[in-house]
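*Asks:* Here it is, the structure, as structure tokens.
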Amino acid sequence: LLKLCLHWFHSVPPSGRQIPSSNAPSPWRRLAGIGKNEAMNGSCDMNNPPPLPPPGNIIGSGIFVSPKGVMENASSVGLALIVWIVTGIITAIGALCYAELGVTIPKSGGDYSYVKDIFGGLAGFLRLWIAVLVIYPTNQAVIALTFSNYVLQPLFPTCFPPESGLRLLAAICLLLLTWVNCSSVRWATRVQDVFTAGKLLALALIIIMGIVQICKGEYYWLEPAHAFEPFQEYDVGLIALAFLQGSFAYGGWNFLNYVTEELVDPYVNLPRAIFISIPLVTFVYVFANIAYVTAMSPQELLASNAVAVTFGEKLLGVMSWIMPISVALSTFGGVNGSLFTSSRLFFAGAREGHLPSLLAMIHVKRCTPIPALLFTCLSTLLMLCTSDMYTLINYVGFINYLFYGVTVAGQIVLRIKEPNLHRPIRISLAWPVIYLLFWAFLLIFSLYSEPVVCGLGMAIMLTGVPVYFLGVYWDNKPECFNTFVAKMTYLGQKFCVVVYPGETKGSEETGSGEEGEELKEARAPLSQDDGEAEKSAADC
């Protein structure tokens, strides 16, 4: 603490330096993993292993929370299974469209980068605005609440856990993982690796036990005569909400588009990841839901807030404790993974001038995006004001699909505007048309069924319009405003001890003049002792 105070006004340079241009090599390669240098001396010269595979990123808390929402809105077991299959097919079509865009516009940032380049700055900003304020915080809130449900449900076997307890445990989970991600990239990746085993164990148990049940003749609700027997009247609006609930479980299918600049040979690996991951995930989800209904009636499934726990209690007997522990491990890792990947979008936005530059900065020694993580943590805590996961899922699902459709429409617009643009992957236009027809059905009937929830999401998105014109489009701002922003950025840098990430080691070494001096100042150690200890290390 004394060292930090002594070097408070010397360790971090003033803000105002330019964010690296969008066509430069991605500095976030350094956040993909840790190399030997970091392990020995704490520097940030990192190796570049491939990003997490899509199946590991898609399969998360959704399959443990969405089955109830899908069943409730689909109104029958048979239609619920059809919803899961169709959602997987639509997800695969959307992923193919994104694959073409990903190699045509090879920028990290995913649909934000595509919408911005095709439709202009305002559309891109609105995508970023809604992602920062709604999508990431809501996703993380749902996963954290799922974690809380599965931890507390065994302690309340005859009733639902108290809402205040659910929110408190979710907040503790979120704060702990934010601290882990702020402290070390290595710790964050290890947490992800270790806790991935939880979801694999839980899903393997569910599917195996389901197969055993079918072999024993327990498939009453899978027989056509009973599968399509509705327990409530079918409604088109509710079916649209069932698709929104199912799509939440498939969330993460576009993750690789957020790290396109970090992919090795994206022309080959991006479509390969789609062709392997989406069918695999669809298979797992459909068979997990088949397993659920071999042990539970639709009424029993709808009466449970922790479906996998109820399933385990029915079939595993004294070993039923395995299920809540496995799901809790899975969802804990899911919160960690969401926090870990959100910084890519923050960097892409700040690089284009659409977000405060502070959100693109990383710690001078740990190379962790502390400002972005703190902002995400605070906005997620605000989402925990409600513990109704299914309302949150409808809320975030509607907004997600809105921009998925805009992005896929951008693919058609780009084909018309620039037909001769080099496209290493080129798919038939029939696929985006099919996706957009489904997209229109989903949005219209979701808005009809949940006008308040979906309308609130659209209202929050539209609040970004004046923010864009005041904060981004308006160039000639008063000097006092620019000075205030610069001082706030500088204060944030001092508080978090963060600077802009360096582009490459080579570019840093060859820097000259004023730019070279700024880079040297940015890499100044917090103390003379630290500087001597790290004299031979690679710097951020």
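Just so it is clear, glycine is given a Cβ too, placed from its N, Cα and C backbone atoms.
Copied straight from TrEMBL:
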- 504-540: region 'Disordered' (REGION)
- 77-98: transmembrane segment (TRANSMEM)
- 118-136: transmembrane segment (TRANSMEM)
- 164-182: transmembrane segment (TRANSMEM)
- 194-214: transmembrane segment (TRANSMEM)
- 234-253: transmembrane segment (TRANSMEM)
- 274-295: transmembrane segment (TRANSMEM)
- 315-335: transmembrane segment (TRANSMEM)
- 370-392: transmembrane segment (TRANSMEM)
- 398-416: transmembrane segment (TRANSMEM)
- 428-449: transmembrane segment (TRANSMEM)
- 455-474: transmembrane segment (TRANSMEM)
*Asks:* So, does the transmembrane segment (370-392) come close enough to the transmembrane segment (164-182) to give 3+ Cβ pairs below 8 Å, pairs being at least 6 apart in sequence?
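*Replies:* Since 3 or more Cβ pairs under 8 Å link them, the transmembrane segment (164-182) and the transmembrane segment (370-392) do come into contact.
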*Asks:* When only pairs 6 or more apart in sequence are counted, do the transmembrane segment (77-98) and the transmembrane segment (234-253) reach 3 or more Cβ pairs under 8 Å?
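*Replies:* The answer is yes, given that the two segments have at least 3 Cβ pairs within the 8 Å cut-off.
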*Asks:* Thinking of Cβ pairs under 8 Å, which stretch from 194-214, 234-253, 370-392 has the most of them with the transmembrane segment (274-295)?
*Replies:* 194-214
*Asks:* Of the listed stretches (194-214, 234-253, 315-335, 398-416), which one yields the highest count of Cβ-Cβ distances below 8 Å with the transmembrane segment (118-136)?
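*Replies:* Stretch with maximum Cβ contacts: 398-416.
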*Asks:* Restricting to the same chain and to residues at least six past its boundaries, which positions have a Cβ under 8 Å from a Cβ of the transmembrane segment (315-335)?
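*Replies:* The answer is 60-61, 64, 140, 143-144, 146-147, 150-151, 153-154, 173-174, 177, 191-192, 194-199, 201-202, 205, 209, 213, 295, 306, 308-309.
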*Asks:* When you scan the chain for residues with a C-beta under 8 Å from the transmembrane segment (370-392), skipping those not six or more beyond its ends, what do you find?
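*Replies:* Distal contacts: 65, 68-69, 72, 132-133, 136-138, 140-142, 144-146, 149, 163, 166-167, 170-171, 174-175, 178, 181-182, 245, 339, 342-343, 346-347, 358-363, 453, 492, 496-498.
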